[in-house]
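J.: Please find one structure pasted underneath; my questions will follow.
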Amino acid sequence: MAAPPARARADYDYLIKLLLIGDSGVGKSCLLLRFSDGSFTTSFITTIGIDFKIRTIELDGKRIKLQIWDTAGQERFRTITTAYYRGAMGILLVYDVTDESSFNNIRNWIRNIEQHASDNVNKILVGNKADMDESKRAVPTAKGQALADEYGIKFFETSAKTNLNVEEVFFSIGRDIKQRLSDTDSRAEPATIKISQTDQAAGAGQATQKSACCGT
């Protein structure tokens, strides 16, 4: 008998794999640390390859285990990260509101998603470092919202430093994915959305990292 969707163990109802992608230095690791560990660091240590954290949350009476992968933003690592797109159920596209180039590159990251990820993967746009002084802001909130509207995805501005909207971002995409999985359960065999143990083992074997940081 096939196992229920992404729920191989009794301590959770769904296992959801998320990816954090975006240019180096936008604060991906800081967002991950803030959400998973409730911590924040000002040190800048570039993530090497891919690392992940796990946090279990409750949504609508269901226990959701979020497996959140922190990808390196540097171009030389992009061949590593493409292998992880296919298993992702949700992708957080992160840019730095004080760095316009990181915002402009979101379109490139979306093209990568369209090329490598599943067609039905959930996406959310995140403008990080919203705590910075307005004089340093390079990307207006309205511009971020307009880009999100163009692609039909949700948009949040966050601050890993002050914890602004960090919980809201992960809970929002988690809830959307849970709903999609629930809808799929009612229509078809769920094997296509289950992350196999083989896939997880392969991913773990490739992941190498240093201390998580504010840099990615």
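One is the number of the first residue shown, and numbering goes on along the chain from there.
Keep in mind that glycine also has a Cβ here, set from the backbone N, Cα and C atoms.
Not measured: the values here are computed from a predicted model.
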J.: Give the range, chosen from 44-52, 143-151, 206-214, that Swiss-Prot lists as motif 'Effector region'.
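T.: Motif 'Effector region', as annotated by Swiss-Prot, spans 44-52.
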J.: Quick check on the binding-site residues: of Gly22, Gly25, whose CB has the lowest count of neighbouring CB atoms inside 10 Å?
T.: Gly25
J.: What average pLDDT does the predicted model assign to the motif 'Effector region' (44-52)?
T.: 64
